[in-house]
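Enquirer: The feature region 'Disordered' is assigned by TrEMBL to 1-21, 503-529. Per TrEMBL, transmembrane segment is recorded for 45-72, 125-143, 149-171, 222-243, 300-321, 333-356, 363-380, 392-416, 428-447, 459-479. According to TrEMBL, the domain 'Major facilitator superfamily (MFS) profile' annotation covers 48-485. The compositional bias 'Basic and acidic residues' annotation in TrEMBL covers 503-513. Sequence annotations record features per position, and here TrEMBL assigns compositional bias 'Low complexity' to 514-529.
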Amino acid sequence: MSESSISFKAPTSPTTPTTERPLHAFREWENSLTLWNTLRIYRKCVFWSLVMCCLIVMDGYDGFLIPSFYAVSSFQRKFGVQLPDASWTIEAKWQTAFMVGSPIGRITGALGVGLLADKYGRKKVTLVPLALLTGIIFIVFFAKDKAMLCVGWTLSGLIWGVFNTMAPTYVSEICPVSLRSTFAAAINLSWVIGQFISTAVLTASESQQNQWSYRIPLAVQWFWPLVLIPLIAFMPESPWWTLKQGDEERTRKVLERLVNKNDVDIDTYLEYMCHTIQEEDDSGKFSDCFKGADLRRTEICCFTYFVQPLSGLYLLSYVAYFLQLTGIPRDVVFKMTLGITAVAVLASLVSPLVILHFKRRTLYMGSLTLMACTLLAIGITQKFDTQAARWAAGILVFVWVGTYDTTIGPLTYVIVSETSSVQLRSKTVALASISNSLIVIVLHVTVPYLMNEEEAHMGAYVAFVWAPFCIMAIIWAFFRLPELKGMSFLEIEQLFQNERARKVENQQSKHESPPAAVVEGVEPVAQQP
């Protein structure tokens, strides 16, 4: 394909209405692009998407750090209690407090960003919390007791709540359809990279055998804001946000920063965006997420987000502690954990190709089936008190992680970014993030008691907890999850609106003479005499 044939200019055709002609041609042109040409034309979008993904790398690093500290001997001696056999452990109540503080902060951050992002824009609402994070890290790094640690991790959770809403929102708003699933999947890859870096730093610092074995991993967190603050300060605002503010001129300038006007007709791109926004209801409040077609969208986004932790993710969150409890030697635990995160990275790198090849629904239900079977197998190994069974449990964790990070992990961000409407995107993503955090709080309260040596001490049996949730998610997806692969925001909006119209029509068909009433937001039509 020649360079000249790649760029898009609005065509004219007498057979197509004037308003639809360039929009239809623009959509066909965008679908015809190869991956390489899409990356070349939208290379600036790719760069800024990668910058925003780094925020999730930070979150993945911190989130994996906290439960991993439970297996660090110097951290256990500093903040834990001694057991009768002379070993040390972090009390279950403090494990709960450490892990619950972060999701409580996330809920607060997600609620706040859902309101502030639509008022002040994606860029400012990302930049300010990033600057605040540098101060919060001081609290955790210099913590002298468990209460100070808990406060620091709760405050940092507030920042993660902002980033977990803003990163997928911004990425989905600047990427074209052909790259949307790839970079939504990159959100999960960013999580995994953060976990991998966390494990690598922990493995390297464990040999210190003093307070620096956990303080070095905490100090590494100062690196991220130093790099990202200057970059995000120069990042262009989301063009969808500027257009919703009614500022077409500023939107045009933002688009010129994101795409090369020699490759893309900016006027047609802007017209496509205007047409998409006009197709949607004039909404923008949290309450609008629970009305009409947006209620279904909110259900899909929230459910897919809280399936993530319920599918067994918290087996991975406590993986170092879990492997230690199964009887695997301590010196092998962190090496296995590093191997597990390496598998997660490789699986996440492969995931965009898998997601591009398979339909969303097929991949979602098929992967949950495999994960449920793997979790049941992990639980069964606990019945055999042998070294072979312990290693089998460890190997099955590798299988589960590979499946999760190829499918459910990245696919969740793809589904949420595609399903949420343009008008309500930041609020819908915020609600999905809150639903995830609420489930996480419940798990953080219960899981330490299920695994801790002083409490239930379930060992590998804890895997039995997650398998039924995978089965429930499969049933929900079969009946409620639509297929959105390859659809533009405009087509998705029309799909949900048509679905609502069919529901109204079905309700009316039950009556011989449909009453002139308001149904699901549809205005009554005057009866003809």
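Residue numbering: from 1, along the chain as shown.
In case you wondered, yes, glycine gets a Cβ from its N, Cα and C as well.
Note that TrEMBL annotation is computational and uncurated.
What you are looking at is a predicted structure, and each value in this text was computed from that prediction instead of being measured.
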Enquirer: Given the cut-off of 8 Å on Cβ pairs that are 6 or more apart in sequence, determine whether the transmembrane segment (125-143) and the transmembrane segment (222-243) share at least 3 such pairs.
Expert: yes
Enquirer: Quick one: mean pLDDT on the domain 'Major facilitator superfamily (MFS) profile' (48-485)?
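Expert: Reported value for the domain 'Major facilitator superfamily (MFS) profile' (48-485) is a mean pLDDT of 85.
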Enquirer: Is it the case that the transmembrane segment (300-321) and the transmembrane segment (363-380) have 3 or more CB pairs under 8 Å, with pairs at least 6 apart in sequence?
Expert: yes
Enquirer: Residues of the same chain, at least six outside the transmembrane segment (392-416), with any C-beta under 8 angstroms of its C-beta?
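Expert: That would be 168, 180-181, 184-189, 191-192, 300-301, 304-305, 307-308, 311-313, 315-316, 319, 322-323, 326, 328, 336, 339-340, 343-348, 350-352, 354-355, 360, 363-364, 366-368, 370-371, 374-375, 377-378, 381-382, 428-429, 432, 460, 481, 484.
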Enquirer: Which residues of the chain, 6 or more past the ends of the transmembrane segment (149-171), have a CB below 8 A from one of its CBs?
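Expert: Apart from its flanks, the transmembrane segment (149-171) reaches 48-49, 52-53, 55-56, 58-59, 62-63, 66, 79, 94, 97-98, 101-114, 117, 122, 125-126, 129-130, 132-133, 136-137, 139-140, 143, 183-184, 186-187, 190, 238, 413, 416-417, 425-426, 429-430, 433, 437.
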Enquirer: Which residues, given as numbers and ranges, are at least 6 beyond the ends of the transmembrane segment (428-447) yet have a Cβ under 8 Å from it?
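Expert: Sequence-distant neighbours of the transmembrane segment (428-447): 96, 99-100, 103-104, 106-107, 110-111, 113-114, 161, 164-165, 168-169, 286, 289, 294, 297-298, 301-306, 308-310, 314, 318, 416, 419-421, 462.
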